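Straight from TrEMBL, the features:
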{"type": "DOMAIN", "residues": "456-925", "note": "domain 'GPI ethanolamine phosphate transferase 1 C-terminal'"}
{"type": "TRANSMEM", "residues": "21-43", "note": "transmembrane segment"}
{"type": "TRANSMEM", "residues": "465-488", "note": "transmembrane segment"}
{"type": "TRANSMEM", "residues": "509-529", "note": "transmembrane segment"}
{"type": "TRANSMEM", "residues": "572-593", "note": "transmembrane segment"}
{"type": "TRANSMEM", "residues": "599-619", "note": "transmembrane segment"}
{"type": "TRANSMEM", "residues": "652-671", "note": "transmembrane segment"}
{"type": "TRANSMEM", "residues": "692-712", "note": "transmembrane segment"}
{"type": "TRANSMEM", "residues": "724-743", "note": "transmembrane segment"}
{"type": "TRANSMEM", "residues": "750-768", "note": "transmembrane segment"}
{"type": "TRANSMEM", "residues": "774-795", "note": "transmembrane segment"}
{"type": "TRANSMEM", "residues": "827-846", "note": "transmembrane segment"}
{"type": "TRANSMEM", "residues": "932-956", "note": "transmembrane segment"}
Amino acid sequence: MAGRPRPQPHSPSSSTRRRERWLVVLGVALHAVYMLSIFDIYFKSPIVHGMDPVPPRLSAAPAKRLVLLVADGLRADKFFEPDERGRYRAPFLRGVIEEKGRWGVSHARPPTESRPGHVSLIAGFYEDPSAVTKGWKANPVEFDSVFNQSRHTISYGSPDIVPIFCSRVPHSTWDTYPHEYEDFATDASFLDHWSFDQFQGLLNRSFHDVKLRQLLLQDKLVIFLHLLGCDTNGHAHRPYSSIYLNNVKVVDQIAESMYNLMENYFKDNQTAYVFTADHGMSDKGSHGDGHPSNTDTPLVVWGAGIRSPKFLAYTEKPDDGFRFVDDHKHDAPTPQDWALEGFERVDVNQADIAPLMATLVGLPCPVNSVGSLPTQYLKLSKADEVEAVLANTKQILNQFLRKSQLKQSSSLYFKPFKPLANYSSVLSQIEDLISERDYETAMKHSEELRKMALAGLHYFQTYDWFMLMTTITLGYIGWMVNLILHVLQSYTSFPAILLKKAQLYPKNTSMKVYIGGCFFMCLSSIILLLEKSPVLYHAYVFMTIFLWTRIVHNFEFLKAVWREFSNMPFKYALNLLISSAIAVLVLEFLVMSFFDRKIYTWCFLVLGILGSTYVAFFIEASPALAIYIWLACWFLSVFTLMPAEIPENNNLVILSGALIILIAVASRWANSNCTSFWLYLTRANKRDSQSSKLYFAQVILVAISSIMVWLSTSHRSQNRELHSLHQLINWSVAGAAMVLPLFSPPSVMSRLTSIFLGFAPPFLLLSIGYEAVFYSAFSMVLIGWIFVESANLYCSEESGSARRRSLVDGSVFAYEERHLQLSDLRIPLLFVILFNVAFFGTGNFASIASFEISSVYRFITVFSPFLMAGLLIFKLFIPFMLVICTFSAITKIVRIPRLGCYFLVILLSDVMTIHFFFLVRNTGSWMEIGNSISHFGIVSAQVVFVLLLFALTNIYTRDIVVSSRQLTARKVM
């Protein structure tokens, strides 16, 4: 951005505004489409169709029927460890481990949510992460499962889980309880009893219903009870609470009752039982990430076809390098307090349970399963064991062959997976070994072929990576270049002669450029159509070609800009280079902060010192301002040292209400100051009585919200239910508080103080701990930013020397917006920093498990996922809205175009977006993979996110009036 001694007034033309609207639309579309690219690159759905099931060639099925008990949200350690009195919470299942069956830990793969967990248990594959967002009550895609393959399935449980697997299975009997039963204010263990009671009632009816009795007596019967109590109680009361721990005893009792019921009814010892969980529960009552508390779940298997316990002398096994899907090492030592070291522990990946269940009742493995059959659980003859493993291998190999066939049929240049080029000869060799009864060698070859088939599946999952990553990277770079071109053309003070030369672009050459772009689009479209590529592939390529066509069209302007920069003095070129380097370093620092939020502590400790020093020595403002900047930055630096899992402390929330009122009183007092830089922040006319009444009304609402925090919490803790009157008051106070700022005086300090008070009540009512104090600390830093910009502007106008005016770009000569200057880059850069502090100031916004559901209990306790999620998101948005309101006020104070700064904000964000695009991971722990997706999504969505917040906060800031020192400035001139 070219510098000039005197910034000139800037008023964008109507053509510029039209171009900006299209640019915003293009940016929103581009980021929306490119955000989806990581799912095509890293997390494409593994499901393919067209394979035939492979039934195992067993002499006889080990069991006639299977019972699957899934205790939703049950973590392994709380299941296996003793209570405070040394008694085990699951005595029946512990007796099974010691006397009847086998046990281990099932390792779940994040996202550790109920839907993907049950899909991996019952269908044997790991859904791509995007499937979590596609719906809970129906399959987003058709997939095979153990239930599909069964002769009949009986299922009872949650309305969010059971219909996924049974609603489209004609040979199924199922029922669910109403959503209203999932009340977080009650003990949810009755949900588990409901599922068992329904099945018990079914068996009782069968004594009088001949058809039902015949249905129950047939083979290949699967019974599934979904037990939601632990999950609901874990969310509401935490997994270390007495209610949750008692629910562990409840599911054990249900397992015992189910066993006794089945054995007394059928009396044939032909039932196999599998007890496990879909995911665990973190200490703060959430799940979703890859922490062991979420991924480690118990697995107990017993009954027909299951081996008896195997006693082993305890020896610590060395790490053999194998990793489960949650990146935990193989043969991890069993905690001593479980007292199970002597009983062989067989850990599995969660998807391995599907082939285990299928084999137990003689069913084919689900056709999309990637689970490996854990033979250590099965009591089979050597011949049957090899046949079961071979069937599992063929089923995975069929998926590989189908993917290879589909890719070969659509690729102009196909690259096969060479290690499996001779798969047919390996299969023949295995069959020969089985015929020769060399079962050990046949087993070894089958397992090796299975591993190779899984590697082949991964190869075809990543087949298009190079082409897609190259296209997306070029697209992002093209978008950023287009943003720079627009800002240079529309918001900077380049000489008119340069713009005139740049616009003398021959029309025929311009047409040639666009015709060439259309030619490349058509060519790429033909290639993609021949390869039968998805529609999104076309969108990626088209957008990239379109962006680079626009760049080529502006090639002459780019040459003119380069000549202009080349002719500038070395001092300005150095200044540009240093500014760019600082911006890149700051952005890289922000990228690092996504992985360690404590970096912000050091940032604000240093910023406090540098900011106060700059104010004291360079701006030469009052010492009080320098001290304020120092204290505000250091106060804010404390919060990123605190745990992301916010501990409950209602006293802090109540005290923060008093702090908010104190800050508002100080702001009110400061608003009466009409000297120095306060001239920009206040209005000359006296405050009328109406504004005073509004101020006191807002203070009263903050006080009421603090009182309601105490009342609502104490009432709920005593009665375990939120009073409806309290809910009504909380909703009314929050709603009224956010409306009042619209009626506040339009001066900068009056309006921002009113906005600060207006969003305080809902934030307090949605807070449970130290994040309420963060609201005040964050606001103090934002106010300090306004003070520094105003003082900087005031001092630049006070100085009469031309040298000082040439160094400071903030001089205001009229009400019109002026051109952007190089030093104005500090404003969008500071905005990006503070915007990220709003993300990570009180937690890890990028983590699925970072949302504290108890934050909404003062408004609602009956489970309502959309309303609860809306309240949580609104709470997280409040700090962002404060940042944008402050940003809008600053652009008005220094008279720079807000939309021009918005484009610079997006430009800076997209530097981070490209970095995070390459940091998306598909290896290592799934907690890291999930976070990398969140990081990329957050920065990529900022083009829409910031724009929407701009539009929302514009309701509060559009009529802000900044007092002018125009006459004073002209006298100085």
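Each position is counted from 1, following the chain as shown.
Including glycine, each Cβ sits where the backbone N, Cα and C put it.
When each of 21-43, 509-529, 572-593, 599-619, 652-671 is checked for Cβ pairs under 8 Å to the transmembrane segment (692-712), 652-671 comes out on top. If you look at the transmembrane segment (724-743) against the transmembrane segment (652-671), you find fewer than three C-beta pairs under 8 angstroms, all six or more positions apart, and that falls short of contact. Between the transmembrane segment (21-43) and the transmembrane segment (572-593), the number of CB pairs under 8 angstroms, six or more residues apart, is fewer than three, so the stretches are not in contact. Same-chain residues lying 6+ beyond the ends of the transmembrane segment (572-593) with a Cβ under 8 Å from its Cβ atoms: 3, 565, 599-600, 603, 822-823, 825, 829, 832-833, 836, 840, 908, 911-912, 915-916, 919. Taking Cβ pairs closer than 8 Å, the transmembrane segment (652-671) reaches residues 678, 681-682, 687, 695, 698-699, 702-703, 705-706, 709-710, 747, 749-750, 753, 756-757, 760, 764, 767-770, 772-773, 775-776, 779-780, 783 in its own chain, all 6 or more past its ends.
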